[in-house]
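These notes are about the structure you will find just below.
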Amino acid sequence: MAAVRGLRVSVKAEAPAGPALGLPSPEAESGVDRGEPEPMEVEEGELEIVPVRRSLKELIPDTSRRYENKAGSFITGIDVTSKEAIEKKEQRAKRFHFRSEVNLAQRNVALDRDMMKKAIPKVRLETIYICGVDEMSTQDVFSYFKEYPPAHIEWLDDTSCNVVWLDEMTATRALINMSSLPAQDKIRSRDASEDKSAEKRKKDKQEDSSDDDEAEEGEVEDENSSDVELDTLSQVEEESLLRNDLRPANKLAKGNRLFMRFATKDDKKELGAARRSQYYMKYGNPNYGGMKGILSNSWKRRYHSRRIQRDVIKKRALIGDDVGLTSYKHRHSGLVNVPEEPIEEEEEEEEEEEEEEEEDQDMDADDRVVVEYHEELPALKQPRERSASRRSSASSSDSDEMDYDLELKMISTPSPKKSMKMTMYADEVESQLKNIRNSMRADSVSSSNIKNRIGNKLPPEKFADVRHLLDEKRQHSRPRPPVSSTKSDIRQRLGKRPHSPEKAFSSNPVVRREPSSDVHSRLGVPRQDSKGLYADTREKKSGNLWTRLGSAPKTKEKNTKKVDHRAPGAEEDDSELQRAWGALIKEKEQSRQKKSRLDNLPSLQIEVSRESSSGSEAES
């Protein structure tokens, strides 16, 4: 068995540089010399502690939002704060006999950026931290720095923000020329300049010279004093900049005094700063359509859902046909506030709680896991649609921003046409059995359908006694109302069989009824044999089929001759028809028995057929 070596990583906020960088410390060296086991000799299950130096603030995501300035994309590329630029400017002033510049807005201060980065490890030389902007908006800050237009602004809270430039030189010029030394540093610089000027005056008084020379020396003294003042001012100011002290601004902004310094990486927006903002409550929150006052979480969720729906409807052209191929650029991140539809807060606290509970239930219902069966039987495939809308909850995340790209892509994706549904195997078997039963019933009905074999069904006919019809025709009297037959037996419709066990004559003989639409009855021809009007029922013509197949004669004489001539052949036809009817009746009874057997089957019994076997193979 190979030895198992464990590793334990401990994150420490402050750790010595030696162990963090992997350098051997004296304690470790002494431990190794004392005979501690080497890595190859570590026993099984032993843990080794490896310290890792990592700041916890670096793990926190950056929630700052940038407000871009359209006029801040210009860069000069000239460093006027360098020593070479200042020396050239002084030489040019001496050449043309200019006095030293006393204007604080155009001071010559040499700044060593490498020294600044060493003194302040996390400094951002292209960014200036400003505090005291309680009543100022984003446009007010941009207009305040219009002489040095910045690139964008990062708001930290109601009282402070970071103003960012595209280069370090412009930010340094703005900080030095738009701010001054603190009051204590000014006093120190004045004291130093006064001491040096007093010493030089004493030296000048001790020297004896002519009046012309004194005048010239006086001019030189003035120049030297001014040079000394500039040197001391730059030295004190450089020390103040190295300490990164807050510098008061030269001009007021809306009656407030601003203070500025170089920003550092620790100057970040705190979590939940937007909810605690008094400026948003007083002047309106631009992230929510400029609404003033306290905004509840339910109101924010409704606002975000409406905003996303409006973006999908109005800006559908920005999203390609294939979602994900074209990137969606959100246009609400700029400074210009898009006019939004105000949403009034009509609900009270109780109604808001109810809505939050309903939304949580809806979200839980939307998050259900479902399984899709891709191959199903054709009878089971039904068009079902399901639309899922995901809502972003502001209470779960402290940041006020949303990933609009992700939300829009998820909403714009079409819902699947096939519904995803989880079913049990027993349900599938039962559905297959139902389909098989329905198909068997359809086959049995179609096979035993008499209408399809014989022909189209005649319109509903009313049967009456032939004798009454013949008597009425003869007497030219008004016909009686037809007698309704309650019996619907097939034997009455087809007539009696030729070898019927019943007696030929009875006290109340059953007479076969014929339709009133018979051709012979319409022509008024009596249908009787030579034996008499009331002959045996065996010799009578059968049913509706004979009346449909037989052709009526043009004259009465021809009709009587043809009836007498075709009497023996008609009996043979009747026997054939009766046999066919008997076969059909047997088939119908057999189909009923099959259906009764299928209905009595248990619900989980499986019948193997071609359709079921092919469906199972497709599913496998």
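Glycine is treated like the rest: Cβ placed from N, Cα and C.
Remember, it's a predicted structure, so these values are computed and weren't measured experimentally.
Looking up LYS57, LYS70, LYS117, LYS586 in Swiss-Prot shows the SUMO2 cross-link annotation sitting on LYS70. Swiss-Prot assigns the feature motif 'WLDD motif' to residues 155-158, out of the candidate ranges 107-110, 155-158, 171-174, 251-254.
Between LYS186, LYS265, LYS269, LYS381, Swiss-Prot assigns SUMO2 cross-link to LYS186; no such entry appears for the others, which is not proof they lack it.
Residue with Swiss-Prot feature SUMO2 cross-link, selected from LYS329, LYS473, LYS541: LYS541. Away from its own ends, the motif 'WLDD motif' (155-158) comes close to residues 64-65, 67, 134, 138, 267-270, 273, 276-279 of its chain (Cβ-Cβ under 8 Å, at least six residues beyond either end). Note on the region 'RNA recognition motif (RRM) domain' (126-187): its mean pLDDT in the predicted model is 88. According to DSSP, the motif 'WLDD motif' (155-158) comprises 0 helix, 1 strand, 3 coil.
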